[in-house]
Amino acid sequence: MLPSQALLPAVLLALAALQALASDTFIAAVYEHAVILPDATEEPVPPSQALALMNKNMDVLEGAVKEAARQGAHIIVTPEDGIYGWRFTRESIYPYLEDIPDPAVNWIPCTDPSRFGPASVQERLSCMARNNSIYVVANIGDKKPCDSSDPDCPKDGRYQYNTDVVFDTQGKLVARYHKYNLFRGETQFNYPKEPEAVTFETPFGKFGIFTCFDILFYEPAVVLVSKMQVDTVLFPTAWMNVLPFLTAVEFHSAWAMGMGVNLLSANTHNTSMAMTGDGLFTPEGPATYHYDSATEEGRLLLAELNAHPRLSPTYPPAISWSLYATSIKEFPGENDTFSGAVRKDVFTFSELRHKDGSYTVCQGDLCCHLVYQMSNKSQDEVYVLGAFDGLHGSVIKYHLQICTLLKCPSTDLSTCGQPVETAQTKFEMFSLSGTFGTSYVFPEVLYSGVQLAPGEFEVLRDGRLKSKHGTSKPLITATLFGRLYEKDQPHPLQISQ
């Protein structure tokens, strides 16, 4: 036998082993955590007291990690703020922070905890991953010293970052992400000097990661999906639900569908702050999700997901979001309009006065078209077609284009746009479209009781959001939520520079 022939069986065996390691599917888990919060204080507590609180939260998270691993999960995502909560000033959060190194250092905190100084939290997270053979994703705080040689160095001599970390099945730190789009109350943290596009490879696909408010912006969210071509996004969040368009399960499911990736969304749970709603979302819709505004309990979710959704035969086709709407020369229907506010955004609304009909509403460069038929219109319920084309937000302003079929809280038209969670009216059909100036549009359908509608609607390739066979439950809203990134105002870091 020739030497090359002798090697052939070994090569084939090695290839077979690699193929066995790679998987077409994987089991993912997310945990919605009812965070144990610190006492509100402007003064730093002793490090031992900070660690004691974090260990209480990590006791709960470790239970979820063990249970997820027992059920066969390959990866678990835990929430933003899930280890120390919030209620911090820049000074009072400092005892909760650790120095988190670049993953390139090839570090397993579980086996070498003192390599980079005190790292009790990283050590414990690493051991959770290692001892349970599961990827663990968590949100903690990073601190980085600086001095006068850095003209941007804060006066207290350190940078503080809202940070996600990922540990692999051996407990090795494989990813670190610093949140780039801080929400308006996160004054305890700094912006990283540049937006980070963090990815890492696993036997079950290419992963990217970002945090909460980041999902609404081009960097890092669109960059990871469109340029880095990740299969799955890890998403620790502390999401405060805002009806009618920005409840956690509603928008996160729509984002996964609009971007064509898996989204592993883990939320904090705090009903007094309207924080609830997590799930495992795919390009075809939610694999599983949870929304609970009635109790104070955490929740573990698991589902089997496609490791490479773009290769799936059921992967949704590319959508030309304005094709149908821009082809309409004259859209018949009643067009009396009025203004109404969704929070601080002034929409143009038109009331749906009949059980069926067709309507057009325009604002700015956006025209929204609706064809509908109600099956059991309640006499004390009012629905409107609405359009919004403009900037939204406070600290960071971003441009939205929204077409929405929306239930009003009462028959008083001045209430249209205010939050409402319940409805009685079902629809035989609806078809919603708009003249969007962007290819980034996210389709939402929300039923009474803040329930999603998996499998009950579709988006046609010409940009129409349509019901398939009517609505099985009363409708709160059907929405096309568009993001016109190129019209956003500059990031606060760019303004400060």
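Cβ coordinates are placed from backbone N, Cα and C, and glycine is handled just like the others.
So that you can see what the record holds, here are the features copied from TrEMBL:
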type: SIGNAL; residues: 1-22; note: signal peptide
type: DOMAIN; residues: 37-307; note: domain 'CN hydrolase'
type: ACT_SITE; residues: Glu80; note: active site, proton acceptor
type: ACT_SITE; residues: Lys179; note: active site, proton donor
type: ACT_SITE; residues: Cys212; note: active site, nucleophile
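The Cβ neighbour count for the residue listed as 'active site, proton acceptor', using a 10 Å radius and every protein chain shown, is 27. Predicted-model confidence for the domain 'CN hydrolase' (37-307) is 97, expressed as mean pLDDT. The residue listed as 'active site, nucleophile' counts 27 other C-beta atoms within 10 Å of its own C-beta, drawing on all protein chains shown. Here the C-alpha separation of Glu80 (active site, proton acceptor) and the residue listed as 'active site, nucleophile' works out to 7 Å. Other C-beta atoms found within 10 angstroms of the C-beta of the residue listed as 'active site, proton donor' number 26, with every protein chain shown included. Separation of the C-alpha atoms of Cys212 (active site, nucleophile) and Lys179 (active site, proton donor): 9 Å, rounded to the nearest whole number.
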